[in-house]
């Protein structure tokens, strides 16, 4: 693929940082090399000397001596080598990307670690979006992505979707305003990429089926656009077998996949990873070299030690426990909604993730209801207009998260909300 046509002038202009290059060399160099190159501080002046973390199974992860010094030091902009290796093998096991054995020029799969999935997404958007570019999205969409893209000046086209995600026929109709060959003409403003959360979409909780993904991928091939597969809830799918991913069917090297460990290991450690064609991953890393320099070394080492301790089977067993927890939480909030909101509101059963998307009947705009009156009754929810490109337009929806609240709290919130809806109707 010709990736240069997708890149912004800023991204094309990025060059390797000479100082960061020495860090990459040091990460692969033999231990006896004497380096006066990097401006790394001497760990003797660091006040922290050791750390011990206790895992839920009672085992420990211990940092001391050289290992702890390394944890407190600068590291590779790609991510630490051992974590990169572990995550690459995980991607191969879970997705078996067709591009694994491609040459770099053909779109060979590569991977880099980012400071959380959001950091990776922002770098992807800044790599791809010029002012005036056309971007495909399915509304409602994740507000973090929406507000990262908006300042870059792109033109959004919303693709029809339902409780099974993007509707391929709707996407086909949107694309019919162009001819496939128009992608070779920059003045035609053909779509540069499709952005979507395929599993447990934030805020709707819906998931895209494998069959629909295949149809969408073929349309991406026909009209030559990229697919940004933002999948932070991949490990929170409530039914098995899990649906195949866009990455698993990417024969062209046109999928950029964003993964997160926030939902199953820790959100505060800020470790995510981006998988995609090598030439695009390199562009993301060049951005990291001059922004944050690298993801947090201590966070990466903590997660790496844990993953190697668990192994793939142990990690996936932990994922299954997380799924069981969130599935129970989902069932609790559905029971509370059915008890108090039946007849007052409508919702679909989330297939993954941690959100329930609710439409209030008989109210055209729930913004004031949620932002003012609900808070007066000591309940906090997110109004639906936050998840639309035109967030000034009225929306009768709101988002409820079921990740942290107890069943009793869910019941109380919906009891208060039901009374509030009745009061204003």
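Each residue's number is its place along the chain shown, starting with 1.
Any Cβ shown, glycine's included, is placed from N, Cα and C.
Keep in mind the model is a prediction, meaning the values are calculated, not measured.
399 is the only one of 377, 399 that Swiss-Prot places in the substrate site (with 20, 74, 142, 202). Looking up 40, 103 in Swiss-Prot shows the phosphoserine annotation sitting on 40. Within the set 149-178, 179-208, the record from Swiss-Prot flags 179-208 under the feature region 'Disordered'. Cβ neighbour count for residue 422 (N6-acetyllysine) (all protein chains, 10 Å cutoff from its Cβ): 9.
Residues 138, 140-142, 161-166, 216, 229, 231-234, 236-237, 242-243, 245-246, 348-357, 382, 384, 387, 397, 399 of the same chain sit 6 or more residues outside the compositional bias 'Polar residues' (198-208) yet have a Cβ under 8 Å from a Cβ within it.
Residue environment of residue 74 (substrate binding site) contains 18 other Cβ atoms, counted within 10 Å of its Cβ in all protein chains.
Remark: residue 40 (phosphoserine) has 73, 74 as non-local neighbours, by Cβ distance under 8 Å and separation of at least 6 in sequence.
Largest Cα-Cα distance over the residues recorded as binding substrate, namely 20, 74, 142, 202, 399, equals 42 Å.
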